[in-house]
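All remarks here apply to the structure that follows.
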């Protein structure tokens with residue numbers, strides 16, 4: 001399978017990294033910022049976006065949303081009729097691609113930052129032109145970066161944006177604040193950081209075992225009248241759950257706003 005990236009920023013590199021050991025795949029990437037040649041990891045590169053397209057089975061569009069229209073105008077004539085196009089540009093709906101070719105098979109993907117370490121979470125949605133074989137191609141590509149799931153209704157992508165797209169930042173923020181609080185209690189910063197990371201990793205490992213619900217695991221840590229109960233009571237008093245809900249709703253609403261803006265700018 002020949003996979004070519006148009007645009008080769010951090011997300012494209014994360015996807016490519018997950019595919020490097022697949023012997024059945026030939027990778028190439030184009031961007032005006034790239035030099036012509038081959039990377040140390042065997043990815044063919046070129047500054048001209050048209051060079052690798054004729055032989056592509058899959059074209060992954062990894063450019064910024066604001067650049068998508070000009071890039072599509074540049075490359076549309078060179079995309080093979082049977083190629084699968086995968087867009088990882090945020091906020092651009094599947095229907096937007098109809099203006100270039102209504103027969104184009106397009107999958108919209110939303111990988112997150114953890115894809116770079118093989119722990120990503122990527123929702124996928126396809127237009128009606130995508131065949132079962134092409135869906136399997138898309139699954140194969142993103143399974144190499146972590147977890148994937150197919151979304152039946154494209155509107156759900158905004159909810160996934162709020163959950164898995166922005167989610168790592170929520171976790172990082174919580175960890176930052178745990179470290180700051182631990183330092184305020186007298187711990188050295190490096191010690192606080194190490195123990196915070198191990199605590200989060202350990203909690204995740206327990207959760208992933210799947211034997212118990214998260215609420216049950218939480219109760220196992222919480223003794224009546226104990227230290228954990230005292231901490232959780234503060235979270236409850238400060239409406240921690242409501243705060244999470246409000247934050248995710250803000251991300252969801254912003255995703256919808258950006259989607260509308262991107263669509264209007266690119267039409």
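Here the Cβ of each residue, glycine as well, is placed from N, Cα and C on the backbone.
Under the heading NADPH binding site, TrEMBL lists 49. Look at residue 49 (NADPH binding site): DSSP puts it in coil.
In the three-state DSSP classification, residue 62 (NADP(+) binding site) falls within coil. Packing around residue 62 (NADP(+) binding site) is summarised by its Cβ count: 26 other Cβ atoms lie within 10 angstroms of its Cβ, all protein chains included. Under the heading NADP(+) binding site, TrEMBL lists 62, 63, 64, 65.
Residues or ranges marked as domain 'Pyrroline-5-carboxylate reductase catalytic N-terminal' by TrEMBL: 3-91.
Under the heading domain 'Pyrroline-5-carboxylate reductase dimerisation', TrEMBL lists 154-258.
The two recorded residues, residue 65 (NADP(+) binding site) and residue 49 (NADPH binding site), have Cα atoms 16 Å apart.
In sequence order, 6, 7, 71, 89 are the residues near residue 63 (NADP(+) binding site), counting only same-chain partners six or more apart with C-beta under 8 A. Within the model, the domain 'Pyrroline-5-carboxylate reductase dimerisation' (154-258) carries an average pLDDT of 96.
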